[in-house]
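Report on the following structure.
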Amino acid sequence: MEPGPALEHIPVMLEQALELLACRRGGVYVDGTVGGGGYSEAILRASAPDGILLGVDWDAEAIGRAAGRLSAYGRRAILTKAGFAELPEVLPRHGFAQVDGIVLDLGVSAFQIDDAARGFSFTKDGPLDMRMDPGLPQTAADMVNTLPEKDLADLIFRLGEERWSRRIARAVVERRRERPFQRTLELADTVAATVPATRDSRRIHPATRTFLALRLAVNQELESLERFLSGALDLLKTGGRLCVVSFHSLEDRMVKGQFKEWAKSCRCPREAVLCRCEGRPLVRLLTRKAVRPDEREKERNPRSRSARLRAVEKQGVPA
C-alpha cells in the first residue's frame, strides 16, 4: 500500500476482492482490517443503499481515520476497536449472529509504516516499537534487548525466513552489550552491516526480514490469524464469502492450507472405514490459486508486489 504525497492509503487488489466478495444490497459485511478505510468504503458503495459494514481494527488511530472517511454513510458504517480474531465476541455485541462476507487485508498499513513514531520502518528513524496496538505489553526493542541469542536467531529465521539469522542475532547481542537498541535505524544499520551483499539485497533492504519477524512476534499476527481461521466459517451465513489478502509466505500458507482443508469432499478421520460426513465440502474455492496484482498495480502501488488474494464461499452443511 504505497502512500502518495499525503499519506494516501491504496487498498491492494480492491477490484478483485470486491468481485469475489460479491456484495449485494442489504448485506452485512465485515472489514476485519480497516486500516485507511478503502475496503470499507468500497463495500458500503457496493452494498448500497442499505448494506451494513462492520469495521474492526486494533489500531485506534485507524478507527479514527476511518470514522472520518465513512461519516457520510451514517449508521450503515459501524466501527469498533478490536482485532479480527475477536470477531466471535464483536459480532453479537452489535446484534449480528452471522454475516454475508468478511475481508482481511493482512499486515501493516501505509499509515503505520510511514509514521516513524510507530517504529515499523527500517528507513525512517523512530522508536523501536512496532506495536499495532500501543496497549500491547512488549515492544520490538524489548525483544531485541532481552531475547537470548539463540531465541532471537530462531525467531528471525522462523518468522522472517532470514538465512542470515544467526549472524544477525550475534551482531545484535554484541551491539546491545554496549548499549540497548532504542531506535529503528540503530537496528536497521546493524543488520545491514551484517548481512552479506547479494543480488537479493539490491532489490530489498537487508533489514526487511528481520523487521518482519519482529513485527509478527510483537503483534502475534500468525497466532491471531490461526485463531480467526479456526472459527471463521461459524461467522458466515451459508453462501457467505471470505476474502483474505496476505503479504508473505507464512500467512499465505496458513490461509491456503485452511481453505484446502475446508474444501475437502470428505473430512472423516483417515482411520474411518466409512464416510459419515456425506462427502460435502464446507466451502467452495473461489480462487483455485492465489490471485496476484497485475503489473500496472505493482507499478502504481509497489507494496502490492508480494500480495496474494484467496477466497472461499461457505456451503450448506447437512444437519
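Keep in mind that glycine also has a Cβ here, set from the backbone N, Cα and C atoms.
Annotated features in Swiss-Prot:
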type: BINDING; residues: GLY37, GLY38, TYR39, ASP57, PHE96, ASP105, GLN112; note: S-adenosyl-L-methionine binding site
type: REGION; residues: 292-319; note: region 'Disordered'
type: COMPBIAS; residues: 292-302; note: compositional bias 'Basic and acidic residues'
Checklist line | Span of the S-adenosyl-L-methionine site, taken as the largest CA to CA distance across GLY37, GLY38, TYR39, ASP57, PHE96, ASP105, GLN112 (Å, rounded to a whole number) | finding: 30
Margin query: With helix taken as DSSP H, G or I, strand as E or B and everything else coil, how many residues of the region 'Disordered' (292-319) land in each class?
Written below: 9 helix, 7 strand, 12 coil
Margin query: Fewest other C-beta atoms within 10 angstroms of its own C-beta: which of the binding-site residues GLY37, GLY38 fits that?
Written below: GLY38
Note to self: Can you check which residue among the binding-site residues TYR39, PHE96 has the largest number of Cβ atoms within 10 Å of its own?
What the structure shows: TYR39
